[in-house]
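Please read the structure below before turning to the comments.
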Amino acid sequence: MRASVQEAIAALPTPFKEAVTKIVSAPKFDATISAQDYAELLEKAGLSDAEARVALLPIAAAYSVAPISKFYVGAIARGESGRLYLGANMEYEGVQLNQSVHAEQSAISHAWLKGESQLKDITINYSPCGHCRQFMNELKGAESLQVQLPDREAKLLHTYLPEAFGPSDLGIDQPLLAPVNHGLTVQEDDELIKAAVDATNRSHAPYTRNLSGVAVRDNQGNVHMGMYAENAAFNPSMPPLQVALNLMNLADVSLAEIQEVVLVETANANNSHLQDTQAMLEALNPDIPLSYLAI
Ligand SMILES: O=c1ccn([C@H]2C[C@H](O)[C@@H](CO)O2)c(=O)[nH]1
Ligand SMILES: [Zn+2]
């Protein structure tokens, strides 16, 4: 467990601290909390649902990697299954600011990668920026998504985003998080390439049709997948490398532990992630090998 998470736990009030420690220090903890563990946590701590989610935010924010702003944002997305998914902002030195990942995007892509197909609510330690409000409007069930901030009552996303622009304005009815399999295949035995193709098959790219996915191998041999997530307003889209690096960070693997990366995308599409992926990896560590497959 990283020091920032230990510090966040240490600062929690008792008896919440004991109950959280039991969950977070379990060897299998993966920055999510099951519905069952969460129900027990509520009972032990004697907190309401909203109070407990807000009280957990410092744990989520402790995953933040923000060397530029030093502004630590935490978010907790709850899936239809009742599981809570932590998320935090990530900034990258040496590349454009628009490569950053916001805490809301982090928690949502975390839930997506681990198989949630709809969210009930999201809890955030700061009011969501316009970019995140737009990102959330891409989600399946966006019209019923509740946004919970500290010291406020929960409000629907659309209260924060009135007169919303969204996928339907572009004639798209395939929302982000709806399970998909684009069915692309390659004749490959390489585990990392297969993982990147799997990610590509789960990607959300209704606007460019540039289906894309990334797989990152860390120096322990673990593989972290990232699916491309497009947005109707284009700019809030999440590139596949960022989705994978965010998942890696939430799995407690640092950016210094990347060993190898594979990027897969649709051949002859009207955009490409290749140059941005190369630039990001170059900024992190020029020695990281990148394999590229256009299929
Ligand atoms: O809704 C927001 C607003 C900002 N940030 C992050 C982005 C950047 O890392 C830092 C400063 O904007 O805070 C979020 O994560 N969510
Ligand atoms: Zn934001």
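Note: Cβ is positioned from N, Cα and C throughout, glycine not excepted.
Taken from TrEMBL, the feature domain 'CMP/dCMP-type deaminase' covers 48-168 (among others). If you average pLDDT over the domain 'CMP/dCMP-type deaminase' (48-168) in this model, you get 97.
Within the same chain, residues at least six positions away from Glu91 (substrate binding site) with a Cβ under 8 Å of its Cβ are Val65, Ala66, Pro67, Ile68, Ser69, Leu97, Ser100. The feature substrate binding site is assigned by TrEMBL to Asn89, Met90, Glu91.
Annotated Zn(2+) binding site per TrEMBL: His102, Cys129, Cys132, in sequence order. In the three-state DSSP scheme, His102 (Zn(2+) binding site) falls into the coil class. For His102 (Zn(2+) binding site), the same-chain residues lying six or more positions away in sequence with a CB closer than 8 A to its CB are Val73, Asn89, Pro128, Cys129, His131, Cys132, Phe135.
Take the CB of Glu104 (active site, proton donor) and look out to 10 A: across all protein chains shown you find 27 other CB atoms. The feature active site, proton donor is assigned by TrEMBL to Glu104.
The domain 'CMP/dCMP-type deaminase' annotation in TrEMBL covers 187-295 (among others).
Listed in chain order, the extra residues whose Cβ falls within 8 Å of the Cβ center of the Zn(2+) site residues His102, Cys129, Cys132 are Val73, Ala103, Glu104, Gln105, Pro128, Gly130, His131, Arg133, Phe135, Pro236.
Checked against ligand 1, the binding-site residues Asn89, Met90, Glu91, Cys129 give Asn89, Glu91, Cys129 as the ones with a Cβ under 6 Å from it, listed in sequence order. Minimal Cβ crowding within 10 Å, among the binding-site residues Met90, Cys129, Cys132, is found at Cys129.
DSSP states for the domain 'CMP/dCMP-type deaminase' (48-168), grouped as helix (H, G, I), strand (E, B) and coil, give 43 helix, 26 strand, 52 coil.
For the domain 'CMP/dCMP-type deaminase' (187-295), residue counts in helix, strand and coil come to 36 helix, 28 strand, 45 coil, using DSSP.
Cys129 are the binding-site residues among Asn89, Met90, Glu91, Cys129 whose C-beta comes within less than 6 Å of an atom of ligand 2, given in sequence order.
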